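Engineer: Feature list, courtesy of TrEMBL:
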ACT_SITE  His76  active site, proton acceptor
BINDING   Asp77, Val80, Gly82, Asp84, Ser86, Glu98  Ca(2+) binding site
DISULFID  Cys45-Cys126  disulfide bond
DISULFID  Cys78-Cys83  disulfide bond
DOMAIN    35-173  domain 'Plant heme peroxidase family profile'
SIGNAL    1-24  signal peptide
SITE      Arg72  site 'Transition state stabilizer'
Amino acid sequence: MASSSSSSSLIYVLLISSLVLCSCEYQDSPPLVKGLSWTFYETKCPKLESIVRKHLRKVFHEDIGQAAGLLRLHFHDCFVQGCDGSVLLDGSASGPSEKDAPPNLSLRAEAFEIINDLRELVHNECGRVVSCADLTAIAARDSVHLVCTLSPPLANLRSRTVLYPFVSDKDTA
């Protein structure tokens, strides 16, 4: 009885795994809406990604916890009505902002500052080509990438701190 139960469980797991693999192979990359391009910023703002990565490395060297703040900020922006950057806007006479909504009150103020700093750096380099929504998405993506590719933390026993060694930024000019 136990062997038939375990073999049916194994078949179930294999079936689910096969479906997941098939769906992954079916769609290598998500479809784009007509008029959008994965390579838009390669011509309009070629240094965009290196500017973001360089700044995030500097920020994370000071406080690695900011990576989670940026990812959470992006999630809260996208959750309600899509990734439109509305969580970054301050309120106006026409009504309160999404930033002031109860679920967003606990977002890190530093995450908003990081996005503003990135916006200023990118606008100085490329003009007003890059949207704040795109900056938030790129910062969240690179936060996860940078934190997940770090070497294991090195403990400094004398000062009881954890040091995160950062790889040199090869793609900055």
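Cβ from N, Cα, C; glycine included.
TrEMBL does not curate its annotations; it predicts them automatically.
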Engineer: Suppose we draw a 10 Å sphere around the Cβ of Asp77 (Ca(2+) binding site). How many other Cβ atoms does it contain, all chains included?
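Structural biologist: There are 26 of them.
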Engineer: What is the interatomic distance between the Cα atoms of Cys45 (disulfide bond) and Glu98 (Ca(2+) binding site), given in whole Å?
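Structural biologist: Their Cα atoms are separated by 29 Å.
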Engineer: Would you list, in sequence order, the recorded positions among Arg72, Cys78, Cys126 whose CA lies within 10 Å of the CA of Ser86 (Ca(2+) binding site)?
Structural biologist: Cys78
Engineer: Using C-alpha atoms only, work out the spacing between Gly82 (Ca(2+) binding site) and His76 (active site, proton acceptor) and round it to an integer in Å.
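Structural biologist: It is 9 Å, counting Cα to Cα.
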Engineer: For the C-alpha pair, I'd like the distance in angstrom between Asp84 (Ca(2+) binding site) and the residue listed as 'active site, proton acceptor', rounded off.
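Structural biologist: For Asp84 (Ca(2+) binding site) versus the residue listed as 'active site, proton acceptor', the Cα atoms are 11 Å apart.
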Engineer: Helix, strand or coil at Cys126 (disulfide bond), per DSSP?
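Structural biologist: Going by the DSSP assignment, Cys126 (disulfide bond) falls within a helical segment, counted as helix.
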Engineer: Residues near the Ca(2+) site, Asp77, Val80, Gly82, Asp84, Ser86, Glu98 excluded, by Cβ within 8 Å of the Cβ center?
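Structural biologist: Near the Ca(2+) site, beyond Asp77, Val80, Gly82, Asp84, Ser86, Glu98, sit Cys78, Phe79, Gln81, Cys83, Gly85, Val87, Ala133.
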